[in-house]
């Protein structure tokens with residue numbers, strides 16, 4: 001018995017002797033801390049072993065699972081009963097109240113270490129508050145750092161944030177894809193990593209094409225090795241948060257090289273805490289606490305108000321923490337109000353914020369943050385926030401927003417980054433709005449649909465669908481304000497007051513003809529005129545030849561030279577009667593004159609008819625348009641018309657047909673079921689015009705086009721103006737300024753405004769509305785309208801016939817006829833000259849007439865009037881004007897020629913002041929009187945004086 005007691009005493013003495021040279025530390029850690037904790041503890045223990053310390057460290061780490069079956073408490077009790085402990089160091093994120101109560105009840109010293117990233121997260125929160133950030137994405141290198149950030153988020157961030165783990169490899173957890181898919185896009189992105197790991201993160205970001213706006217990116221280096229970051233130039237102007245290795249090592253009383261390669265903040269913190277505890281324990285030699293949990297089951301969860309013994313409290317109070325360590329203020333978590341915040345140790349550090357500039361080849365400091373007091377000291381007066389970034393939805397619609405294309409090949413023109421280039425009214429509006437509100441943007445086109453339609457499941461596509469799903473922040477496009485769209489999005493004040501639907505048609509190509517004036521009368525009318533001319537000429541010749549009172553058959557009554565109406569002269573008279581100067585001398589016989597009078601009446605009427613019809617024909621042809629309104633287009637069948645498939649215009653006609661059908665059905669039911677007032681419905685015709693059903697049927701038969709470009713091309717291809725395109729009026733007006741062949745007919749109908757759309761309840765609504773109203777006040781939208789609907793472009797178009805008058809192509813036949821007459825006259829002249837020379841050469845040589853010297857030329861009636869010479873020229877030529885002989889003139893009553901008075905005034909009263917002579921008849925030489933070679937004179941004629 002005595003031997004047994006001796007052995008127990010020896011064991012206890014050896015155990016106490018071993019405990020006196022050993023400091024037993026128990027660590028509470030989280031599961032996510034295990035990998036890095038084990039690595040850092042191995043290094044720390046190695047470093048402590050190299051130090052001149054009397055006590056050795058015996059550490060036990062315990063991972064808290066926080067299950068309800070009490071496994072954590074059972075594991076801690078086993079440690080207390082078998083190993084014992086001098087102090088408990090708590091590295092967990094969430095306070096373990098059961099274990100903490102047991103520690104306090106047993107008087108075990110308790111040290112809580114704050115989260116390693118808390119200084120960095122506090123600093124980043126203050127910096128984001130200075131930048132007035134809204135949406136921030138925070139990317140961490142591993143799960144432990146992300147868990148610490150989650151705990152920080154439970155204490156409250158001053159901004160909306162999303163936390164990501166860059167090491168996650170599960171599907172859908174890739175941080176690059178998640179950032180790209182974030183809606184709304186984050187205002188800022190922060191990468192938390194050590195120096196070497198930061199290179200890998202940035203390479204992934206840059207490869208994915210996310211790094212576009214450098215001011216939005218922040219690089220938080222969690223160690224002192226920020227110099228190993230090799231993408232300084234690529235990440236220019238990005239904010240970088242760095243530590244000073246020299247300042248940290250001096251606060252730890254360590255050489256500067258210690259804070260270089262391989263140094264982590266957790267390793268430094270563990271080293272300083274354990275070194276401070278060892279130095280104090282060497283002097284105090286605290287006892288190891290053992291506890292059998294079976295004897296203290298009733299006290300496991302009990303908490304005393306002051307359970308810590310005086311001795312234990314004293315040796316903890318003697319612990320001198322290094323300058324590297326400091327107490328952090330406890331933080332109450334928002335989601336767990338029952339937990340008692342316990343002060344914890346953290347590390348004192350100064351973090352500087354700045355950016356790298358390639359211009360100066362140096363870092364520019366913006367602010368400095370110190371953990372002592374957790375305050376931010378601005379090195380500049382202010383920290384300017386980065387320009388906001390918005391995703392703006394739009395869809396291709398000319399001239400509002402469209403992609404730039406090569407005018408020759410039609411291929412898309414891209415910028416240096418390979419993205420297509422947008423142009424148009426809305427794009428200029430976006431640029432001006434971005435300048436006014438100071439934001440950056442990306443234009444997002446819908447993948448499915450156009451402006452936005454809802455399907456049978458209530459899902460929207462197009463621009464409206466992207467806005468509803470949050471793919472875009474707001475939409476600026478050719479978006480009309482419909483009631484069904486207002487149920488899912490909010491519309492702002494219109495930027496384009498009224499637009500609607502109109503009809504585009506090609507200007508008809510006038511069929512030009514050199515003999516267009518001939519088309520005024522039909523061919524049968526021209527043939528009838530020619531027949532009348534020929535018939536009249538023949539009748540004039542016939543009457544002048546056989547009438548006894550004609551000048552030809554009654555030469556005695558007409559002693560003066562009169563016109564001999566041969567067949568040739570008759571035709572010439574009939575033809576020249578169509579000219580303003582008339583046909584000349586008319587026949588003398590009454591029958592001939594009656595015929596000429598009737599013919600002249602015919603000529604006057606035909607000339608008046610031709611002139612009137614020619615003027616009307618040319619005027620009406622220039623004023624003629626195929627249709628003037630939608631109703632006329634619906635009533636005719638010659639012109640085909642169509643719309644863009646599934647467009648707003650197409651949907652308009654579908655809705656109008658549905659309204660017509662519904663109204664007709666309601667009217668039919670009302671008329672057939674009327675019992676009292678059935679007489680009021682007794683009508684023959686349906687009171688509402690049914691035209692939209694016919695229009696929609698014609699549109700479907702003409703096959704709706706895919707886009708507006710195809711519709712305008714089809715209109716331009718139909719030169720006969722037998723194809724119309726019903727589309728947005730603003731787009732039609734724009735196309736007319738670019739294509740001189742198109743024109744707009746009818747009035748604009750179904751007018752509606754264009755407006756900017758935002759998400760329902762969006763905070764951007766008021767800001768954008770105010771900006772739009774200011775732009776309206778500055779007449780900015782009027783400038784855009786003048787730019788894209790530039791009427792001055794029409795000046796480059798060739799003038800139409802109604803603007804330039806009758807063209808040469810229309811009346812060129814008149815000049816051709818004149819030229820043909822000139823050519824024919826010249827040919828006739830040549831023939832006459834040749835004929836005359838040939839006839840002259842066939843005549844005998846000329847005979848010279850010799851007259852006696854003593855011949856009496858002036859003997860009246862005397863002398864030999866006969867001659868052996870040839871007859872005179874008057875006697876031999878074929879006369880068109882006959883001259884009666886002198887003997888016949890003496891025997892027959894002479895009909896004098898018309899006097900000058902009657903020829904000039906034609907029965908009108910002669911003015912008193914005009915004197916025409918004394919009225920006496922005096923003889924004179926005839927028109928064709930010639931002196932004969934024999935000396936006799938020709939027949940005498942007279943004149944009135």
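Backbone N, Cα and C define each Cβ position, glycine as well.
As written in TrEMBL, here are the features:
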- 1-18: signal peptide (SIGNAL)
- 399-469: domain 'Ionotropic glutamate receptor L-glutamate and glycine-binding' (DOMAIN)
- 414-791: domain 'Ionotropic glutamate receptor C-terminal' (DOMAIN)
- 485, 649, 728: L-glutamate binding site (BINDING)
- 627: site 'Crucial to convey clamshell closure to channel opening' (SITE)
- 934-945: compositional bias 'Polar residues' (COMPBIAS)
Local Cβ density at residue 485 (L-glutamate binding site) - other Cβ atoms counted within 10 Å: 23
C-beta crowding around residue 627 (site 'Crucial to convey clamshell closure to channel opening'), within 10 angstroms: 20
Rounded Cα-Cα span from residue 627 (site 'Crucial to convey clamshell closure to channel opening') to residue 485 (L-glutamate binding site), Å: 34
Protein Cβ atoms within 10 Å of residue 728 (L-glutamate binding site), excluding its own: 25
Spatial separation of residue 627 (site 'Crucial to convey clamshell closure to channel opening') from residue 728 (L-glutamate binding site) - C-alpha basis, Å: 18
Residue 649 (L-glutamate binding site) and residue 627 (site 'Crucial to convey clamshell closure to channel opening'), Cα-Cα, nearest whole angstrom: 19
Nonlocal neighbours by CB distance (under 8 Å) for residue 649 (L-glutamate binding site), same chain, sequence gap 6 or more: 501, 643, 726, 727, 728
Summary of DSSP states over the domain 'Ionotropic glutamate receptor L-glutamate and glycine-binding' (399-469), given as helix, strand and coil counts: 21 helix, 17 strand, 33 coil
L-glutamate site span - longest C-alpha distance across 485, 649, 728, in Å: 19
Predicted model, mean pLDDT over the domain 'Ionotropic glutamate receptor L-glutamate and glycine-binding' (399-469): 90
